[in-house]
Protein chains: 4
Amino acid sequence: MNLQTIADDIVRELQPRLGEGKVADYIPELAKVDPNQFGIAIATVDGKTYHAGDAETHFSIQSISKVFMLTLALGKVGEAIWKRVGREPSGSSFNSIVQLEHEHGIPRNPFINAGAIVVTDIVLAGHAPREAIGEFLRFMHFIANDETLSIDEKVAQSEQRTGFRNFALANFMRGFRNIHHPVDHVLGVYFHQCALMMNCVQLAHAGLYLANHGTNPLTGFSVVSPRRARRINAMMLTCGHYDGSGDFAFRVGLPGKSGVGGGILAVAPGKASMAVWSPGLDATGNPALGSVALEMLAARTGWSVFAG
Amino acid sequence: MNLQTIADDIVRELQPRLGEGKVADYIPELAKVDPNQFGIAIATVDGKTYHAGDAETHFSIQSISKVFMLTLALGKVGEAIWKRVGREPSGSSFNSIVQLEHEHGIPRNPFINAGAIVVTDIVLAGHAPREAIGEFLRFMHFIANDETLSIDEKVAQSEQRTGFRNFALANFMRGFRNIHHPVDHVLGVYFHQCALMMNCVQLAHAGLYLANHGTNPLTGFSVVSPRRARRINAMMLTCGHYDGSGDFAFRVGLPGKSGVGGGILAVAPGKASMAVWSPGLDATGNPALGSVALEMLAARTGWSVFAG
Amino acid sequence: MNLQTIADDIVRELQPRLGEGKVADYIPELAKVDPNQFGIAIATVDGKTYHAGDAETHFSIQSISKVFMLTLALGKVGEAIWKRVGREPSGSSFNSIVQLEHEHGIPRNPFINAGAIVVTDIVLAGHAPREAIGEFLRFMHFIANDETLSIDEKVAQSEQRTGFRNFALANFMRGFRNIHHPVDHVLGVYFHQCALMMNCVQLAHAGLYLANHGTNPLTGFSVVSPRRARRINAMMLTCGHYDGSGDFAFRVGLPGKSGVGGGILAVAPGKASMAVWSPGLDATGNPALGSVALEMLAARTGWSVFAG
Amino acid sequence: MNLQTIADDIVRELQPRLGEGKVADYIPELAKVDPNQFGIAIATVDGKTYHAGDAETHFSIQSISKVFMLTLALGKVGEAIWKRVGREPSGSSFNSIVQLEHEHGIPRNPFINAGAIVVTDIVLAGHAPREAIGEFLRFMHFIANDETLSIDEKVAQSEQRTGFRNFALANFMRGFRNIHHPVDHVLGVYFHQCALMMNCVQLAHAGLYLANHGTNPLTGFSVVSPRRARRINAMMLTCGHYDGSGDFAFRVGLPGKSGVGGGILAVAPGKASMAVWSPGLDATGNPALGSVALEMLAARTGWSVFAG
């Protein structure tokens, strides 16, 4: 199995489909991105990295940051997090508020917006917003082993000005006392974590700890325990693509987390961490070509967790 | 790793907790079962079987039958099935009707009651109810490699008399033309498939094709293609425990399907098929001790699909 | 104020709009009715009756029967009825099941299908279905002072064969033990009460007790107490047009109850009982021209209860 | 019929029940009010005023302001308002957000919080918040014929700090572009309108235009057309008590609008405007004793609009 060939083939085969889907336009800065791009990177647990296409172009990781903030929050408060957020698929879109009302301000899981906002509130504890953003950025430098990662302030500001639905979610949960800090502070951090810029190679490296029992094989640094890595993977599989999670599991068979910037981080436990990116989104708000690429990759590598 | 020892240990360690949970009482016949029972069986892809506790006591498989009927229906109509039933976690309880109204009679997945009733309607096509029941039974004989399996007519009748919610679901979907046969026929078959009696050993054997790329390693017979086996596993993981599916994935990390009779079928792809049984159910209607046992089993074997 | 002139004018002015709306097609027998018909009748509490257009053509009263069955049920069990059905507007369509799941099988009010089915179950107590139908028919003869009223068996059979949604509602509530009789019995009565044939004149006469403090001024017979008449009127105003009730109150300002056969019974307390009929329905399932006619009538008579 | 005697009797008969219900505690300033108070005032269209109990104690009118702001908004944009807010009962609690998601940011009616916030947004058009508050206050001086009415700044500030649910609703609708001004501005006005202090006598006078075809009989000033007065009354009846509107119509039979400060304004068209006040609220957030008092008043006067 030649992973470089597989990556190259996927890029070539998807070439005619570039531009499929619809670039997220509810964050004005994101709407400016050229849709005709596609990148893929594969980082294996034995330390090799393969990439093809626009794998070194930076993009806004958006909701993929939810995986990393969850990792940070679990490090801070451990399993106590589950008192404030569930771990069930929501069956709803990424920004739905209906379930929150029926379930008294407890979001279904940490990978929908409401749940991620609670996670951010947890990470914020005892910090000024700027410090929490700094902590997140240092954590990303650490797990990606790359000090150059930075946040696109214009994207953060753009969402700050237009993210009314997130303000609604945060205020709603604050009314249920499930947000402890001022909404402006929490969302200030949230919009910045989402505005982190990464390319596919960096993202694949950052996710390696999830593929390798909690430890980054490139640096040897332990990020989480093996058990926690398993659990984060489980949650990515059941909840990582909003109301498209079942379909992603069905077609791809790997834990994955999507972002409206067009990126997906996927994990083949024991084997590799992968990142794909293409800006166009499908009807569930998940990257259109990215899912197709990962379906091809999983089929060609046999890495589906459901194959054995 | 000595699987017999692991099975024996689990039985011994769970001894003090026998009777936990609440036996399903909405089907009167099921309410009569002695709650102080627990069985476990492990069938590996290399042809060995291990069991402990009440692993040879027969119980009503109930919703575990949904996995087998889905397999049958896929064999009949292939991927066309997905026009009539989705493949997303529902985020709702096993017998919820709310989502059906919002989504015009298309159930979220084949493992909630509404979805399974549609699958039964598909299997029923061109048959009298009695023939469809016969076909299901022969299929179970085939995959379990056991001609003694039979249906408990009293359980089937009991649910026929009291399963008002299922009549509601079926009529509701018939109103949307997503049930094509008379409701009485469809539910007649449905209640009979649920009333199949199996023990843990038989159930573990019946599930082996899912652990072994679609082929039963004991008989060498191919049941489904490797790809279809992966996909059924994926759906069991995301949807197999109703609104407790996320928690099961988080704690156990294996595809699994529960039944209100207290059984769970779980699959470790490439390794083994497992069945546990204990009648008491938790708040989500899933077997209480069964989930605990599988969590212990997955931890001790390292079989979680999220470990690698 | 010349009521005959008003009625004639309305018929004439609506002439160009005959056929507006969409005839109910989910009950096959109803779909056969010629849409180009309109009738109106006004029966005043001082004993006069005015009518115009197709006011002597019989039509299926459908859900208007809910008012009369509620009256019957209140006579049998009194205020105990409110333990099994609410008295709030549902904010949902006539056949919605969502609210029933959230509120554990207690329908919002007696004028949506679910609530009316509970009312029928109450009237059925201690009777065979045939007897309950007989009792309803005798009650209608009594309040309309007309022994010729009869049920169209073909319409009843047509709905029996196709009313899957009502079977869903009834079974659903039976699962919550809020239906006490076999679903077939309850719906057998329900479909027959809906299939009563009346014309506008008969219907206006039948509703007179609601306009006259509970007593039919034509016969002098007391049907209900003044207080009960007020309360039935209140419920017609808040709940009589499903999720179009607010709009009807806003535009017409009179208690009213619609049926998918195209009829509306409206009450001007202290003044008159009115019936209009035209088969075409609007998007909420309420008679399109009927609402317009009553809006004209209320404006020209000044009978809105909100005018004073 | 001696209205003074009726008012006195009601005060006396309710004396033993003072303190029933639960004072609103989600707005801290309101939680400080002594619950053992009850006042009633009746202003007839022939210019007389009767009052008893604590009818001259000022309280926070809260949601009763929604009636007056709707009147103002209708004066500004007329029936165009119904493009942005519905006129159907919501079947939900006063601050529910579920329906908003299902219906794309269009609130069901102007008397639930979401709808009233849209109405405030309409009144705000072309104004600074301070000017809009001033306009509302002048309008209240005009219709109550009382220049002393003022806003309790402490209550407004208290809600500004704690009204997270209203911030959620407003941001949610802004996301659907159904709020046009900055959320802080709209809610700044909204919290101030709610914080208007009135006593029962003032409130009864302010509502007289609704009882008298749109014209205040005390001053002779026309506020709205007769048709518009009827329509506002209709909406008060169907929607004025949130998910307790049906019950209020059933028991009292008068258009009414409640506030969480404990007040209710009720209208007997053609006869009188009434205000009652007692701080304790029932489970639907409506004044507990106030509803009882109006039920007594309606029964003794025969003023139910459903009596005729």
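Using the three backbone atoms N, Cα and C, a Cβ is placed for every residue, glycine included.
These features come from TrEMBL:
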BINDING   B:Ser63, B:Asn113, B:Glu159, B:Asn166, B:Tyr190, B:Tyr242, B:Val260  substrate binding site
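Projection of TrEMBL feature records onto the structure.
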{"residue": "B:Ser63", "record": "substrate binding site", "contacts (Cβ under 8 Å, 6+ apart)": "B:Phe94, B:Phe111, B:Asn113, B:Ala116, B:Cys194, B:Lys257, B:Ser258, B:Gly259, B:Val260"}
{"residue": "B:Glu159", "record": "substrate binding site", "contacts (Cβ under 8 Å, 6+ apart)": "B:Ile27, B:Glu29, B:Asn166, B:Phe191, B:Cys194, B:Ala195"}
{"residue": "B:Tyr190", "record": "substrate binding site", "contacts (Cβ under 8 Å, 6+ apart)": "B:Ala116, B:Ile117, B:Thr120, B:Asn166"}
{"residue": "B:Tyr242", "record": "substrate binding site", "contacts (Cβ under 8 Å, 6+ apart)": "B:Ser90, B:Ser92, B:Ser93, B:Phe94, B:Phe111, B:Ile112, B:Ser258, B:Thr284, B:Gly285, B:Asn286"}
Across all the protein chains here, work out how many other Cβ atoms are within 10 Å of the Cβ of B:Asn166 (substrate binding site).
24
What is the number of other Cβ atoms found within 10 Å of the Cβ of B:Val260 (substrate binding site)?
23
Let's check the environment of B:Asn113 (substrate binding site): how many other CB atoms sit within 10 Å of its CB?
24
